[in-house]
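Taken from Swiss-Prot as is:
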type	residues	note
REGION	1-28	region 'Disordered'
BINDING	187, 188, 189, 190, 191, 192, 193, 194	ATP binding site
């Protein structure tokens with residue numbers, strides 16, 4: 001049985017270890033780091049992803065420090081989560097702990113996990129600790145950044161409300177994204193989440209010269225692999241990175257231990273923060289934010305914390321808040337985050353999605369019924385929301401046009417039951433006009449994507465916000481009532497719809 005520490009010993013343990021050699025021309029803080037670095041401990045207990053390590057007196061690593069050990073020839077990183085007393089720490093493993101044994105040596109790096117950052121990460125896939133996993137050689141960058149950072153201070157944040165123009169009509173008109181905002185992307189399987197994400201990456205690179213970072217958190221490895229190859233096929237990235245690559249990928253997929261899944265979103269965010277601090281407008285994608293919470297809950301139980309509601313970790317709101325508050329606009333640049341959100345059992349009151357909702361500025365809802373009509377992007381114009389759709393932010397004209405478009409679509413939705421039972425002939429003249437306009441609006445909300453050119457054969461279109469407003473304003477005011485519905489399907493600006501109508505008329509003649 002371990003002997004209880006005397007008050008004298010306890011006081012000694014609290015003191016930082018005295019450096020073995022006097023560090024010449026170094027500050028006191030730097031000396032402390034040097035003293036802590038290289039401290040060697042030994043594994044005392046392994047429970048799944050949680051590993052306990054004992055250190056010599058006075059050499060205890062700080063909370064969140066990265067420890068390293070060799071696991072059958074592989075570098076295994078452990079992150080300090082708790083100080084247990086008796087000079088022991090409890091750590092979370094970032095990879096599988098199979099093969100670890102008690103008594104094994106563990107070295108303190110003296111700093112949190114740091115990952116490569118900068119342009120060299122574009123086109124590459126990294127894991128949670130910044131190692132390349134795309135079999136394209138080492139990452140050629142010396143710049144590294146710790147994954148645990150404080151949120152920007154109030155004085156460094158930009159308070160101006162600006163919209164990020166994506167070039168996608170339905171998003172820019174009805175649920176615009178805030179620069180430095182957070183967007184929730186809701187949608188089932190096969191409705192076009194990945195294609196929409198890739199188009200956003202492409203358009204932000206073209207329109208703003210900005211980069212994107214994609215964090216795959218606890219999703220299927222197959223999907224991550226597909227996304228990587230689709231990005232290469234559509235020209236968003238090049239294999240092995242290099243000139244022309246627009247996105248960095250960071251993966252911690254379903255097969256990874258909970259430690260990796262709980263930290264991989266922070267690794268991706270750190271890469272995005274570096275681009276922001278270099279003056280870029282960055283898009284940061286997280287697929288799926290629910291898995292970040294789920295991994296935190298697994299780790300929490302292993303650390304011996306008492307669970308809160310529905311078995312989630314007691315620190316749920318804190319974990320989410322610490323990450324989300326780092327996603328913001330500063331005076332240098334912005335990080336706009338698009339987060340895919342899985343809702344367990346479609347229960348929106350579940351603590352995990354409910355905690356995410358509190359941080360969102362906009363929601364983009366993809367609908368299967370719209371996808372079934374062949375309208376892509378399959379964004380639901382009545383279900384998607386944004387707090388940026390405010391006359392004070394987007395202007396009076398944009399706001400009025402958006403509300404009229406939604407009003408027309410809502411009226412069409414209300415009339416659909418009558419049309420299904422009695423047919424169009426039973427509607428009043430006014431309702432017939434409203435339905436005809438709504439059907440044209442529905443089709444005009446579709447748009448050919450650059451990244452889908454390979455499949456559709458139609459050249460992609462990036463539509464300026466002014467052209468989007470002008471087109472829909474004309475539609476709701478009845479200026480294009482004489483044009484056929486087909487003219488509005490899969491075009492960019494309203495001028496293209498008019499041209500298409502002329503072509504259709506010529507073909508019919």
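Counting starts with 1 at the first residue shown.
Every residue, even glycine, has its Cβ placed from backbone N, Cα and C.
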In the same chain, which residues outside the set 187, 188, 189, 190, 191, 192, 193, 194 have their CB within 8 A of the centroid of the CB atoms that define the ATP site?
366, 371, 378
Tell me which of the binding-site residues 187, 188, 190 sits in the most Cβ-dense spot, judged by other Cβ atoms within 10 Å.
187
Look at the binding-site residues 189, 191 and tell me which residue has the greatest number of other C-beta atoms within 10 angstroms of its C-beta.
191
Which same-chain residues, if any, lie at least 6 apart from residue 194 (ATP binding site) yet have Cβ under 8 Å of it:
223, 226, 227, 230
Give me the long-range Cβ neighbours of residue 192 (ATP binding site): same chain, 6+ apart, Cβ under 8 Å, in sequence order.
366, 371, 376, 377, 378
Looking only at Cβ atoms, how many others are within 10 Å of the one on residue 193 (ATP binding site)?
23
